[in-house]
Amino acid sequence: MAMLRTDLEFSMLPKLGTRPVRWRIADGLVAYEAAVEMMEREVAAIGEGGDELVWLVEHPPLYTAGTSANASDLVQPDRFPVFATGRGGEYTYHGPGQRVAYVMLDLKRRRQDVRAFVAALEEVVIRTLDMMNVRGERREDRVGVWVRRPEKPLLPDGTMAEDKIAALGIRLRKWVTFHGLSLNVDPDLDHFSGIVPCGISTYGVTSLVDLGLPVMMADVDIRLRAAFETVFGETTNDA
């Protein structure tokens, strides 16, 4: 259960002259196909010099399969719609009560380092959780953000139980990023049982509400934006 080294470099502040990142929050539930179409349009525009964008959404219940997904990890294929996606990673769940942040940035304006970008997304989640007195942690062999659960039984190898609270999956096109992260605020955790989340069966899944924090999505969004700005720089409201 080794943590990543503490000197991990994740700064993704923009170069001088870069315009603020547009910050957009969707109303209601967004169909996955519509989200992908929106990302495709935005990524093309950003690649041509348009302003970068972070888009916060919630989806209806669905599963997505990343480029490394193993068919055997889709335990209940008929439970919810399943979408193949070009992001990295394996199967994951999206649904109401989960904040999905689609992060569309031009790394040529920042730092052309994919590993640092992934670490930066993890850092945004870790700092968001810290504002709510939750300790999120990285793991060397598992992408995402994890929470230790000392109240749960030990794992078979004798180590402390851990649950995943945030998942990451990204894709790049000409150094423009899309897809992003999902943070479990108050989703129905039983919905994760239809898959082996991210191909990892040893560990569970948790949420802020599951951890005893009855937070509202709007409160999480405020903290998420503040954390994002410390890692990626200034944002501006987008219609």
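One is the number of the first residue shown, and numbering goes on along the chain from there.
Yeah, the Cβs are placed from backbone N, Cα and C, and that goes for glycine too.
Record features, source Swiss-Prot:
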- C198: active site, acyl-thioester intermediate (ACT_SITE)
- R87, G88, G89, E90, Y91, T92, Y93, H94, A167, L168, G169, G180, L181, S182: substrate binding site (BINDING)
- 48-236: domain 'BPL/LPL catalytic' (DOMAIN)
- K164: site 'Lowers pKa of active site Cys' (SITE)
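DSSP classifies Y91 (substrate binding site) as strand under the three-state reduction. With all protein chains in the displayed structure included, the most crowded Cβ environment within 10 Å among the recorded positions R87, K164 is that of K164. Of all residue pairs in the substrate-binding list (R87, G88, G89, E90, Y91, T92, Y93, H94, A167, L168, G169, G180, L181, S182), the one with the greatest Cα separation is 15 Å apart. For L181 (substrate binding site), the number of other Cβ atoms no farther than 10 Å from its own Cβ, over all displayed protein chains, is 23.
The average pLDDT the prediction assigns to the domain 'BPL/LPL catalytic' (48-236) is 94. The separation of K164 (site 'Lowers pKa of active site Cys') from Y91 (substrate binding site), Cα to Cα, is 14 Å.
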